[in-house]
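Trainee: Annotated disulfide bond per Swiss-Prot: 50-127, in sequence order. Marked as N-linked glycosylation site by Swiss-Prot on the basis of experimental evidence: 122. Here Swiss-Prot flags 210, 226, 228, 233, 243 as phosphoserine. Residues or ranges marked as region 'Disordered' in Swiss-Prot: 224-248. Annotation comment: Swiss-Prot describes 1-28 as signal peptide. Look at Swiss-Prot and you will find 29-155 tagged as topological domain 'Extracellular'. Annotation comment: Swiss-Prot describes 177-248 as topological domain 'Cytoplasmic'.
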């Protein structure tokens, strides 16, 4: 390289920006959701739900693919495909006349319904979603169990037991607080009654004392009057006796 010629190596700032754009920028993959398992009775129908999350807007090239692997089988076969706004049911397998498309791509829903269930339908169903340019991600699987009569799920029984226990506890607490409220109300009424009786006794005592206070001077006055009358009568009697002696 000739002296004074500009350097052809990238600047440190440009190298750092390139490194951050390639390494540090997050890579977001499409995420597919299904139930873990579903139960159905022979002759009934069951819905296999499938939804997804994507960092991109819903594309016109959005596609859903359902595959089925029989119970104990090794290979999975395609049973349903949705692309370009049209559902396609594969002509291979026993589901070709029993599958119904019930999904809504605008709501990111790729669900299907399987009608007229049979014991041979037991197996694993896989939902795969592509939303270009977001095409990288894992599929999701749901296992179908077909019974003569759908058994009550353990979670439902446990939930019912827990709900019953909580109901009994709440009822007991309500009854306790109701009894306590009635008892406190009765005690308050009794306390008010006793307080009123005490006030009545005090008022009566004060009234009697006031009455006795008013009667005492009258009694003393009557007693003095009686004494004065008696003294005057005795004096008069004594004077009459002395007068009779003088006449004799």
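Glycine too: its Cβ is placed from the backbone N, Cα and C atoms.
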Trainee: Round to a whole number and give the Cα-to-Cα distance in Å for the pair residue 122 (N-linked glycosylation site) and residue 228 (phosphoserine).
Mentor: 130
Trainee: What Cα-Cα separation, expressed in whole Å, is found between residue 228 (phosphoserine) and residue 127 (disulfide bond)?
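Mentor: So the alpha carbons of residue 228 (phosphoserine) and residue 127 (disulfide bond) sit roughly 129 Å from each other.
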Trainee: May I ask for the distance between residue 50 (disulfide bond) and residue 233 (phosphoserine), taken between their Cα atoms and rounded to an integer number of Å?
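Mentor: Residue 233 (phosphoserine) has its Cα 130 Å from the Cα of residue 50 (disulfide bond).
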Trainee: According to DSSP, does residue 50 (disulfide bond) fall in a helix, a strand, or coil?
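Mentor: It is coil.
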Trainee: Looking only at DSSP and grouping its letters into three states, which state does residue 122 (N-linked glycosylation site) belong to?
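Mentor: Coil, per DSSP.
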Trainee: State the three-class DSSP label for residue 127 (disulfide bond), counting H, G and I as helix, E and B as strand, and everything else as coil.
Mentor: strand
Trainee: As a quick check of your reading of DSSP, tell me how many residues in the topological domain 'Extracellular' (29-155) are helical, how many are strand and how many are coil.
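Mentor: Once the DSSP states are binned, the topological domain 'Extracellular' (29-155) shows 8 helix, 62 strand, 57 coil.
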Trainee: Between residue 233 (phosphoserine) and residue 127 (disulfide bond), how far is it from one CA atom to the other, in Å?
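Mentor: Cα-Cα distance, residue 233 (phosphoserine) to residue 127 (disulfide bond): 136 Å.
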Trainee: Hey, what's the Cβ neighbour count for residue 50 (disulfide bond) at 10 Å?
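Mentor: So the number of other Cβ atoms within 10 Å of residue 50 (disulfide bond) is 26.
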